[in-house]
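Database features, via TrEMBL:
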- 42-54: compositional bias 'Low complexity' (COMPBIAS)
- 61-72: compositional bias 'Low complexity' (COMPBIAS)
- 619-702: domain 'Smr' (DOMAIN)
- 36-74: region 'Disordered' (REGION)
- 225-259: repeat 'PPR' (REPEAT)
- 260-294: repeat 'PPR' (REPEAT)
- 295-329: repeat 'PPR' (REPEAT)
- 330-364: repeat 'PPR' (REPEAT)
- 365-399: repeat 'PPR' (REPEAT)
- 400-435: repeat 'PPR' (REPEAT)
- 436-470: repeat 'PPR' (REPEAT)
């Protein structure tokens, strides 16, 4: 009896036909651990089974005491019939597994995930030895790889080979073992082996090899499933091979496979990086229409795409979609949306979004607060920025170096010196966020913008004591501040410390030294600055010497100027020209200044200098230094004088745009321009309607020119 009980037990339940609402939960045998007894339970509602199950078995022998049979008598006929029928038992165990469907949550019809079927888990006593072998194989060199393979503890069956392949970490070893498996011809290669290998190659960013394996699968007629395509597309995205990602995504659609959530998010990000907004929206709407529910990562991709383009309507579309699909934004989505709001120039909406995030119960992290601080700094919202700082301290929100330095840079943009000093003091007493090189750079920028050379040098001395080296940005801020204060000896000392510290001097720093040289009144100071500049850019110093030579022809000047501009970084070419013009005016070389302005215009350094309409001619000098702007004004006035003399048709209004700095430390061109206009006695006056504009009417300009013609003072 014990032997018969150890096999299986079939129990048949009878469900009446009238009870149609009761669900049938068991449609196949339930299999337990092999070490335990098996209980195979089946149920049916057919009429024939009902009638047969109610009848007693014909081959059951009746007990002498049939009214009260013993347990042994009851089990004996059962073991003699049902449990002893091996064919019937095999038939029950061979029934296919059924799928139970939850009636309250209908199955989605969107994604047919064609992935390889996972085999049933079975305990393998060889796992420990195989994993140790995989570890040994991973740590072996390429020369030792084959010799280590010969020590494989067990034959490379399908399960053993897959376990080792999945345990290898370096992609090189994974690929070598995969190729070795193919040479053994022990079992046919399946999709799962390629997928495991491709995933390892994806960690190594080896897209070309992955594509070769995919093409090999196609040629060998091995099915590419959803995991295969997803791995190929995501690897192409990581390798910035966006064209390949799109190509394989289109091939996936042609095979009839539908992408899953991972593939959808990856390809949406690819299209977004390519700037294909219409394709992104089309794919997104197609996926949603087919039943796919986007996850927060998808909305992060959409928000980032619209944020890069500064498209506020697109950002609003993302918010509406999230609400309509009842997707609750997580912290990553909020951070992405905040960055997008900043790029779109919507600080007010960014503030509202931040408050919504806090009200939802999410705690902002360092990235959240950094993004918001940048937005407030860019919008020059000083009050909101400092309120944010107070909330950070009161709520004990997380702070890191990036956030502290962002707040300090924001203070520099807004001219908040006292607030910056308070932040700097908090960092000094903080255990986690002690000031680093970038922190001191931000403070040097703050003091340098305000022209506070004493505190700048105090910071420099403090950095020297703490062993914190100057970086190129801090060196540039410090040199510029000392140059404005005419502390040339301190400037030379800082320069030598930077050189000894291994600071790599760039064109921005050279432009800073050139700007200091244009401010030097004494020839001795001018020589000291040029000596420093010569160590960084000797070719630029040679051109300065060339300018001072009276015998230098215009053609020579033109060729050398083109060489200097060509070798300089694009963003420093116009500042170089501005500083060179300033040097010429400082040394009373006005003719050279006009020649350099002409060459700068010729080589496209001042593309938006002049604007002409039917009613107004304007001069825009906002991108010029003071000396270059005054030179441009003189050139313009000379040209207008010629037009008046030739009695040519002129517009009703003339204007010069100098700009109006909103920064606390911004001096702008307005004061210098106004002084020079008064010196020329030109009829330009500051406009009350347009800030930073000097305007003159045609009548006033003609009268001024006619009064100046006899004693022509305009070059």
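Note: Cβ is positioned from N, Cα and C throughout, glycine not excepted.
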### Query
Averaged over the whole of the repeat 'PPR' (365-399), what is the pLDDT?
85
### Query
With DSSP helix as H/G/I and strand as E/B, how many residues of the domain 'Smr' (619-702) fall in helix, strand and coil?
36 helix, 14 strand, 34 coil
### Query
Counting by DSSP, what is the helix, strand and coil composition of the repeat 'PPR' (365-399)?
28 helix, 0 strand, 7 coil
